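Going by Swiss-Prot, these are the annotated features:
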| type | residues | note |
| --- | --- | --- |
| BINDING | H111, H115, D304 | Fe cation binding site |
| BINDING | L134, V135, S136, G137, G138, D167, G180, N276 | substrate binding site |
Amino acid sequence: MLVLGLETSCDETGVALYDSERGLLADALFSQIDLHRAYGGVVPELASRDHVKRMLPLIRQTLAEADCVATDIDAIAYTAGPGLVGALLVGASCAQALAFAWDIPALGVHHMEGHLLAPMLEENPPQFPFVALLVSGGHTQLVRVDGIGQYELLGETLDDAAGEAFDKTAKMMGMQYPGGPEISKAAMQGVAGRFVFPRPMTDRPGLEFSFSGLKTSALNTWQQCRNAGDDSEQTRCDIALAFQQAVVETLTIKCKRALKQTGLKSLVIAGGVSANKALRASLESMLGDLRGHVYYARPEFCTDNGAMIAFAGCQRLQVGQKEDLSISVQARWPMEQLSGL
Ligand code: KG4
Ligand code: ZN
């Protein structure tokens, strides 16, 4: 089954063709980062307008790269939520219009299920059951995964998501959007030990997270330095390193706890923050000690992309799941509401 996947939940227009027999045939992405940078974050109205502009040319490009024509496509998967409603509606309308014109089924896919399954596009994919750490701009969740659609939420953030904390911390130090890659780059030049930030909620049992206090610690430290006349690049890098270390260690402690609680030894990390090299190294070291394994996607499939939507959609479309032609998207959508296969 050849599935066209469309992703438009935020600031990336992603398109891909995934075939159940041959795997991923082609994928194309247009990132709106340059468009939103001037505003220090995503402007929803601009995001929607840009998705409208990019979608059809990207579909053409993906078909050409895969050496396919429209009539080869068996079904369409699109991101139906969670995300920005205006942006989601672009992908949903486009998917349903093409599905109607081509007389094929369409299916709305959960964005976080897409992220969660993205490591399965790689060689040596994870086997069920496993624990998943979902860390993106909008989510920080630990989930027990027993199969596609069988998700048990173990813990999540009470306030900011990990990616959001990276973005806000970077912004207050005058760094560009998105902050995650900027902080991780700056952290490479940082001096370890000059600043130490708290590891939130690690001193009590449970699998919940909280990152807003950590962001405030970084802000206070930056302001104290500036008040003392030090707003140097080195200080920025030292704060970036201390912040990243605090996030990484906190996530590692909670992942270890989740593995212990479930008795599992496989950990999947997914979402934009899973591209972070320090996080990967820390989790690999922890899983090495436990004789377990950590799985993640290539960096371009950690952040938003069409391939993960085509893949997740294909799994569901193959067992006959599809929708009528109504166009409905959801800004909020708990993953536990999904059905199994
Ligand atoms: O999954 P994603 O592309 O979009 C959402 O679904 O939210 O995640 C974007 C988030 C942003 O907050 C970005 O700063 C963060 O992922 N991110 C990173 C890195 N690359 C992207 N955070 C830390 N280190 C990175 N290398
Ligand atoms: Zn995402």
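Positions of Cβ are set from backbone N, Cα and C atoms, glycine also.
Close contacts with ligand 2, defined as a Cβ under 6 Å from any of its atoms, occur at D304 among the binding-site residues V135, N276, D304. Here the Cα atom of D304 (Fe cation binding site) is found 12 Å from that of V135 (substrate binding site).
Under 8 Å, Cβ to Cβ, and six or more positions away along its own chain, H115 (Fe cation binding site) finds L134, S136, A270, G271, C302, M308.
Classification of H115 (Fe cation binding site) by DSSP places it within a helix. In the shown protein chains, 27 other C-beta atoms lie within 10 A of the C-beta of N276 (substrate binding site). Around V135 (substrate binding site), the C-beta neighbours below 8 angstroms that are at least 6 residues distant in the chain are A161, A162, G163, L251, I269, A270, G271, G272, V273, S274, L279. Long-range Cβ proximity for D167 (substrate binding site), meaning a same-chain Cβ under 8 A and a gap of 6 or more residues, is found for G41, G137, Y177, P178, G179, G180.
Here the CA atom of H111 (Fe cation binding site) lies 20 Å from the CA atom of N276 (substrate binding site). Taking the centre of the Cβ atoms of H111, H115, D304 as the Fe cation site, the nearby residues of that chain (Cβ within 8 Å, site residues left out) are E7, S9, T79, M112, G114, S136, G271, N305, M308, I309. Cα spacing between H111 (Fe cation binding site) and G138 (substrate binding site): 11 Å, rounded to the nearest whole number. The number of other CB atoms found within 10 A of the CB of G138 (substrate binding site), across every protein chain shown, is 20.
Other Cβ atoms within 10 Å of the Cβ of S136 (substrate binding site), summed over all protein chains shown, number 24.
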